[in-house]
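> This is the feature table in TrEMBL:
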- A:CYS298, A:CYS356, A:CYS359: [4Fe-4S] cluster binding site (BINDING)
Amino acid sequence: MSAKTLTEKILSRASGKDVSPGDVIEAKVDLVAFHDLTGYHVIEVMEKANMIKVFDKSKLVIAFDHLAPPPDVRSAEIQGYIRKFVKSEGIPNFYDINYGILHEVMIEQYANPGQVILAADSHTTTSGAVGAFAQGMGASDIAAALITGKTWLVVPQPFKVVLEGKPAKWITGKDVALKLLGDFKADYFNGMTLEIFVKDPLSFPMDYRATVSNMGIEMNADALMFIPDQETKRYIKEMRGYEPELVTPDNGAKYVDEYTIQLDEMEPLVAAPHSVDNVKVVNELEGTPVDQVYIGSCTNGRLSDFEIAAKIMKGKKVKSRCIAIPASYRMFKEALERGYIQTLVDAGCIVTYGTCGPCLGGHFGIAGPGENIVSTSSRNFKGRMGSNEAKVYLSGPAVAAISALEGKITDPRVI
Amino acid sequence: MIIEGPVIKFGDKIDTDIIIPARYLKYTDPQYLAQHVMEPLDPEFYKKASKGVIIVAGKVFGMGSSREQAAIALKAAGVKAVVAESFARIFYRNAINNGLPVITLPNSTKEIDENSYVKIDVETGEILVGNKVLKGKGITEMALEILQAGGIMEYLKKMQTVNRN
């Protein structure tokens, strides 16, 4: 057997044969997940096919986040329908509206290095932060995986990214994700996986990794995985109390290409409307008026995001409307204990937890016509956060926080 | 499988928030979804598509969300197939799972004009425009079996029957 990349290693184990890029395989799945908005559709597909049967109840994770708390009767109806399924099928891993966003639940509680994880949401790639091959799929594919415990895949071409050095001031995972999008554009990694090797593991913590993996789908990669290392071990031990087994690529494994990012030379980046790959250095957009700022989502709703926002907002008042949403109860509570929430509330932000609302233009902060939004979420597609005539700028937490204070897009390096 | 019809053209990076905005995702009824398909770019699209059309688009058609409603809405509106330079992986699967043929063709938007009439062989990927034959990538292997079965769930039922016999 030749030297294998992480992608090939995971998919060889999952399919029980020695795989190479381009192979069409049937892979066993380790975890399947869905949330409220896609979950009802998954169950509907199973019902219509008369195949309400989950291959292994312990391997299904359900979290309510998109319609949480329900903004209308239909949303409440959808959640009620799923609660009924949870009860009738006896699904143990269920998180109602009071826990958090599915992808955050997955990395905090379930995802392990080397696993194959499928969920009915595109940002499933987030679990790549801990070195899992994690893909989003539609309702029918997820229903089929839930019934059989398997899925079919085309083995992607692995591409290696090396992160070197320590991040420059205010640089976090979002800037790395935006750099990859700006340098390669949204179509380049189609049919590929990204495997990210962090030279100095502790310089790039799990929060940052989760953001980059999350946006792997914006790069149209099949999966984006951080090669598991001591930071992966540290994180899972801290969150769940055990040390995971690390799955890593073999020495001499072959990649289609390799790309290095120097973290210490990076500048804060922003994706301008209406495309995730329309990436600019923040000072090119300085002075753009901002009506609303959103700090949160499965992309940037973690503790380090709130730490940065609190550092910047301490003792000041926001000029733009600012909505801040930690990605889970755990994140909210920790941010509360550390005083970050107090600081944000004192600065004039609205803070809650457990919803995806604003990110997808669902509820809790819809953009109106002509408004400019700075958001730490994952997408700035036309109409994404509400009106087709709104403009969404994507940034990391530092740019978002300082822009909320100034009421216009601002370079955090002025601080 | 041969499909034919007039062409409606779109550019690169047609994302799922364009195909079907999130506010409609609380429903899965194809006819309801069809009325809102492509709404951010062209609120009249479903009327134009109703007679049966073929979409020709550029790079990563269907990028973004996993919402299967994107494929359901296009098909219900009357779109018979999508020809694009490349497809987002999730959308590609959702299309197959809902019986919407997807054909990959490099330079598709340069090779095919708006309103031209095309004839497509879904398996070989051959596209006939006037007297020009373009060589696209059709649907092969497992995806073709799933498409022919009428989607992944139908495929699964068939497999279970086969395995039982």
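A Cβ is built for glycine as well, from the same backbone N, Cα and C atoms used for every other residue.
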> Tally every other Cβ atom lying within 10 Å of the Cβ atom of A:CYS359 ([4Fe-4S] cluster binding site).
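There are 30 of them.
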> Which chain neighbours of the [4Fe-4S] cluster site, leaving out A:CYS298, A:CYS356, A:CYS359, have a Cβ atom within 8 Å of the mean position of the site's Cβ atoms?
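Everything else in range on the chain: A:ASP65, A:HIS66, A:ILE101, A:HIS123, A:GLY296, A:SER297, A:THR299, A:GLY301, A:ALA327, A:THR355, A:GLY357, A:LEU360, A:SER377, A:SER378.
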> What count of other C-beta atoms do you get within 10 angstroms of the C-beta of A:CYS298 ([4Fe-4S] cluster binding site), across all chains shown?
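So the number of other Cβ atoms within 10 Å of A:CYS298 ([4Fe-4S] cluster binding site) is 28.
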> Helix, strand or coil by DSSP: which one applies to A:CYS359 ([4Fe-4S] cluster binding site)?
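In the DSSP reduction, A:CYS359 ([4Fe-4S] cluster binding site) maps to helix.
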> What is the number of other Cβ atoms found within 10 Å of the Cβ of A:CYS356 ([4Fe-4S] cluster binding site)?
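Other Cβ atoms within 10 Å of A:CYS356 ([4Fe-4S] cluster binding site): 31.
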